[in-house]
Amino acid sequence: MTESVVCTGAVSTVKEVWEERIKKHHEDVKREKEFQQKLVRIWEDRVSLTKLKEKVTREDGRIILRIEKEEWKTLPSSLLKLNQLQEWQLHRTGLLKIPEFIGRFQHLIVLDLSRNTISEIPRGIGLLTRLQELILSYNKIKTVPKELSNCASLEKLELAVNRDISDLPTELSKLLKLTHLDLSMNQFTTIPLAVLDMPALEWLDMGSNSLQQLPDTLDRMQSLHTLWLQRNEITCLPETIRNMKNLGTLVLSNNKLQDIPGCMEEMTSLRFVNFRDNPLRLEVTLPPSDDVDGEEEQELFGLQFMHAYIQESRRTEDQVNCLTHTPSSTRSDG
């Protein structure tokens, strides 16, 4: 019986030893695999960095990374070795996301990642205090982080054709140098408060959205000289539009406007307006022009049409008032 106990104990010990050896072997294999994977990543990063370096050029004194129509769904961390870059120009690369380490490129002046498949803007974007241009048109972005308001040098922001952006954080009104904003072809139903409060904004495109009404506070954009609102569902214009003294270009084609407010005659800075393809209640025909160029200008600019429409509207209104106030004769002869 004693021999049986000793034998059982020996077997148990041998089993434990073998289990320990097997466990150690598995761990060694795992470590070896991880080491090999690490070597592969290091090698791939080096290869990627070499490829990226080939895409770096100097133009007008700026260091630019330019990639066109070449697949780069992600950008490797080895790109950080090129942190002196001042411009990224990556178009049609299939890029899925802006890297989280973007904030470490403190020298960036222009970030142009248009025509990719980017779905979000990382909060680290706010660390780019020297950034002057951010161009993210033709992507799949749905929201804009409030941290973007920390890009104090930003002058140009393009978010066109992302199709699903419907609002902007109010913090973006802190972008005191922003002069150019393109929000066309998205899902905005009104002009965001942040936009109305951007003090330096000169150029705004909100065409091809779902705007139905323009806010009465539209005239807060006193620096605005160009406003594109084509292809929306706008039904009327606020009277306060007369106060936009610097507005020179106003495009309202393909909307649901039924009238042109008479106060627009006071907008002496207007040089280009377009009311084409609106269900206006009055039909106004301009007198023929003496030359072909003049006819093209009439049709394209619409400024003469606007003034003619307002005059016709007033004339029609005067006729209605006259008919309303004409006393009817109730006396009979004899």
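Backbone N, Cα and C atoms are what each Cβ position is placed from, and that goes for glycine too.
What Swiss-Prot annotates here:
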- 59-82: repeat 'LRR 1' (REPEAT)
- 83-105: repeat 'LRR 2' (REPEAT)
- 106-128: repeat 'LRR 3' (REPEAT)
- 129-151: repeat 'LRR 4' (REPEAT)
- 153-175: repeat 'LRR 5' (REPEAT)
- 176-198: repeat 'LRR 6' (REPEAT)
- 199-221: repeat 'LRR 7' (REPEAT)
- 223-244: repeat 'LRR 8' (REPEAT)
- 245-269: repeat 'LRR 9' (REPEAT)
- 272-295: repeat 'LRR 10' (REPEAT)
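Taken through DSSP, the repeat 'LRR 7' (199-221) splits into 5 helix, 3 strand, 15 coil. Averaged over the repeat 'LRR 9' (245-269), the predicted model reaches a pLDDT of 97.
For the repeat 'LRR 5' (153-175), the residues of the chain that approach it from at least six positions outside its boundaries are 114, 129-146, 181-189, 192-198, 205, judged by C-beta separation under 8 angstroms. Long-range Cβ contacts of the repeat 'LRR 8' (223-244) within its own chain (Cβ-Cβ under 8 Å, at least 6 residues beyond either end) map to 179, 184, 199-217, 250-261, 263-264, 266-267, 269, 274. Within the chain, the repeat 'LRR 3' (106-128) has long-range Cβ neighbours (under 8 A, six or more residues past its boundaries) at 62-63, 83-100, 134-145, 147-151, 158. A Cβ distance under 8 Å defines the sequence-distant neighbours of the repeat 'LRR 4' (129-151), meaning residues of its chain 6+ beyond its ends; these are 106-123, 157-165, 168-169, 171-175, 182.
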